[in-house]
């Protein structure tokens with residue numbers, strides 16, 4: 001009994017270091033917000049200007065890796081001996097569900113405004129050219145390229161899970177073929193896991209920092225409750241308590257149902273926006289934007305603006321590539337888990353086609369709606385952002401639709417459920433990664449899950465206190481740096497082991 005307790009308890013070497021590091025950083029930030037903002041700007045400038053090119057090359061190389069998997073010697077290899085666990089339709093639906101987070105609703109609604117007001121390639125702000133390239137850049141940042149990189153890592157994790165039968169809950173577990181068991185389970189593996197966990201904690205905190213203002217702004221619109229930092233903190237606290245109650249009372253089934261409701265409601269809300277906003281314009285704009293994407297793709301892939309120094313690729317492309325890098329392991333583990341029994345080619349094609357369709361639908365519908373509202377002078381987005389903040393501007397793009405009260409209730413419920421499931425997933429992932437061993441079918445310890453949800457909530461509040469998008473972008477970029485190297489190591493480890501294991505079969 002004692003031994004079982006020890007097994008399911010925390011793993012000190014990967015529990016306490018991230019906790020201490022993140023705690024100290026939060027304390028230093030809160031202690032002097034102005035100084036923290038100076039540091040944040042310096043870190044953002046250094047990473048994006050000095051190392052931005054590395055993130056761009058990483059994505060390009062991983063794209064070539066995707067083609068190698070699809071058309072190479074492993075294309076027909078099956079990831080596990082069993083038949084696929086889910087039907088193709090259910091599998092794609094689960095992929096779509098993984099895309100409908102509140103952070104995605106945040107960027108999908110407002111991103112196009114930033115691209116049009118500060119466009120790439122030296123275009124005039126708010127010009128016809130800027131509007132033509134605006135959605136094309138969203139399709140680039142949230143299209144086949146990043147999903148191709150995820151599919152490569154998903155194949156790697158599915159290989160370790162279902163072919164090599166490894167119990168992978170931390171990235172160090174996958175590095176045995178590359179660095180040897182001694183190093184993977186020793187100091188080197190511990191350092192890798194700690195970097196992964198610190199980056200993941202900040203990534204989850206930033207997602208919460210994006211999602212919370214949407215909910216509190218909805219509350220202000222619906223109930224007249226003023227949006228303040230204190231209200232943000234209260235809402236985050238309520239979510240943490242709700243998550244703790246769900247876990248303590250064994251209501252995980254309820255959380256899964258909530259996740260399904262989120263997916264169906266996402267379809268409903270997107271369909272509503274598509275119909276009432278202007279379906280013909282949306283389809284025409286999408287078609288035009290795909291053409292613009294294909295025409296400018298080579299330049300977009302390698303665009304650093306080294307001569308013009310306008311800052312667009314650093315502020316957006318490098319930021320988003322870091323965003324994809326930082327979430328790669330967590331998302332790839334999930335996508336690998338639901339892909340048991342599929343071939344390498346099936347997984348790669350299914351992910352790129354299914355997930356690209358999901359993100360393209362979201363960005364096209366929401367971005368087109370925002371552009372229409374600006375062009376028709378229904379909303380003054382710059383003024384809303386300056387006077388009330390980005391979250392209010394996003395809320396107003398939804399409130400401007402017909403049946404505004406019903407629409408706002410739908411959006412409020414969608415954001416609320418999305419954030420509840422986000423916190424639940426955060427606490428679960430971090431608890432699993434910081435425990436010694438959690439057997440299949442078991443849940444990680446309650447207190448560990450609650451503890452991590454509290455810490456993620458604190459980070460969200462700290463980022464909100466700093467104000468603006470720059471702290472959130474910097475947290476992602478800084479966290480993406482170590483994950484950049486870890487993702488490469490996982491990829492190389494898979495290639496090295498597959499050459500031996502799959503060659504013999």
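Here the Cβ of each residue, glycine as well, is placed from N, Cα and C on the backbone.
Between the listed ranges 168-188, 231-251, Swiss-Prot ties the annotation transmembrane segment to 231-251. Per Swiss-Prot, the listed range annotated as transmembrane segment is 143-163 (candidates: 143-163, 290-310). Using the rule of three or more Cβ pairs under 8 Å, pairs at least 6 apart in sequence, the transmembrane segment (10-30) is not in contact with the transmembrane segment (263-283). Put simply, of 92-112, 263-283, 475-495, the stretch with the most CB pairs closer than 8 A to the transmembrane segment (195-215) is 475-495. Of the ranges 92-112, 263-283, 316-336, 403-423, 475-495, the one with the most Cβ pairs under 8 Å to the transmembrane segment (347-367) is 92-112. Sequence-distant neighbours of the transmembrane segment (446-466) (same chain, 6+ residues past either end, Cβ-Cβ under 8 Å): 10, 15, 19, 22-23, 26, 29-30, 33, 36-37, 40, 201-202, 204-206, 208-209, 212-213, 229, 232-233, 236-237, 239-240, 243-244, 247-248, 423, 426-428, 430-431, 434-435, 472, 475.
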